[in-house]
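Undergrad: Got a structure for you, written out below as structure tokens; questions coming shortly.
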Amino acid sequence: MLPCFQLLRIGGGRGGDLYTFHPPAGAGCTYRLGHRADLCDVALRPQQEPGLISGIHAELHAEPRGDDWRVSLEDHSSQGTLVNNVRLPRGHRLELSDGDLLTFGPEGPPGTSPSEFYFMFQQVRVKPQDFAAITIPRSRGEARVGAGFRPMLPSQGAPQRPLSTLSPAPKATLILNSIGSLSKLRPQPLTFSPSWGGPKSLPVPAPPGEVGTTPSAPPQRNRRKSVHRVLAELDDESEPPENPPPVLMERRKKLRVDKAPLTPTGNRRGRPRKYPVSAPVAPPAVGGGEPCAAPCCCLPQEETVAWVQCDGCDVWFHVACVGCSIQAAREADFRCPGCRAGIQT
């Protein structure tokens, strides 16, 4: 980490300029600010009133102090330089502190626009590759090639980007978002560290017809015993339903025995808990299918016909034919007369 000091521009039309200074080790130096780019390290070129900034407007004097720098500001302008809104006498040096506000140009009367060049002074410690710093100052009265702004590049082999491909968003934008303690921020290497993000997989939008529909497994049903409701015929019975309910058709429908989840099979996996469920199904075909197993079927004509399955032989009966109630079938085991006779013998 290198001790540096910065000028962060927070006023004017452009804003966002950040100048980082790192004097040569072991020696003091002077940096100049003004509109003469050939003589100054920081060129201040006003867009509104060019006459308000002198050729060499002010100087920053840096002297080593321990492992840090003592920086003072000296005014050389005809229009004035302000530190914390107090005008600095011409030719007078003032030591700067972290967080001081510097204004280059006259202080306008109340109600007028402020100076274009309004900076905050900061003392920071940064890595060389984090900032492009002004190192060697220009000699007085000379315009040497290579003097002034000289970027501090990372060590050999470290990843870097050319200065011509810098991001349009200046680094100072990150600092402006947290004015409270600018010098205490830990700078992020944005200038020379490439941040190529790999292709991100975006979620594939679902077709319009599938929005809001999620497949779900049919509810678990008891294969041993159930109660059905047979609805009366509808006028539009000829139109098949779009999504038939996944429930057991009546056992008289032999064509769908293999697909009905509640049709009894030869291989039983133990006695499950009895849980009769009522579900609407299509009406039975007249004269077809398996009838009720009761010896004397009363052929119920109600709109809703309830069925119950024997817990012994898995045969289905009309609830009305066996003389029990739906509530009793839910709460206790049901045995048909044949199974009860077999138990007694």
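Every residue, even glycine, has its Cβ placed from backbone N, Cα and C.
Annotation comment: Swiss-Prot describes Cys296, Cys298, His318, Cys321 as Zn(2+) 1 binding site. The annotation Zn(2+) 2 binding site is assigned in Swiss-Prot to Cys310, Cys313, Cys336, Cys339. According to Swiss-Prot, the feature domain 'FHA' maps to 31-88. For Ser78, the entry in Swiss-Prot reads phosphoserine. According to Swiss-Prot, the region 'Disordered' annotation covers 147-167, 190-227. If you look up Swiss-Prot, you'll see 293-342 marked as zinc finger, on the strength of sequence analysis.
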Undergrad: Using the centroid of the Cβ atoms of Cys310, Cys313, Cys336, Cys339 as reference, list every other same-chain residue with Cβ within 8 Å of it (recorded Zn(2+) 2 site), in sequence order.
TA: Asp311, Gly312, Asp314, Val315, Phe334, Arg335, Pro337, Gly338, Arg340
Undergrad: Write out how many residues of the domain 'FHA' (31-88) are helix, how many strand and how many coil, based on DSSP.
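TA: Summed over the domain 'FHA' (31-88), the classes give 3 helix, 27 strand, 28 coil.
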Undergrad: Between Cys310 (Zn(2+) 2 binding site) and His318 (Zn(2+) 1 binding site), what C-alpha distance do you get in Å?
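TA: Spelling it out, the Cα of Cys310 (Zn(2+) 2 binding site) and the Cα of His318 (Zn(2+) 1 binding site) are 11 Å apart.
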Undergrad: Output, ordered by sequence, the same-chain residues six or more apart from Ser78 (phosphoserine) with a CB under 8 Å from its CB, or 'none'.
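TA: The list for Ser78 (phosphoserine) reads Ser54, given in order along the sequence.
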Undergrad: When DSSP states are grouped into helix, strand and coil, how many residues of the zinc finger (293-342) land in each?
TA: 16 helix, 6 strand, 28 coil
Undergrad: List every residue in the same chain as Cys296 (Zn(2+) 1 binding site), at least 6 positions away in sequence, whose Cβ is under 8 Å from its Cβ.
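TA: In sequence order, Cys321 meet the Cβ cut-off.
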Undergrad: Report the same-chain neighbours of Cys298 (Zn(2+) 1 binding site): residues 6+ apart in sequence with Cβ closer than 8 Å to its Cβ, ordered by sequence.
TA: His318, Ala320, Cys321
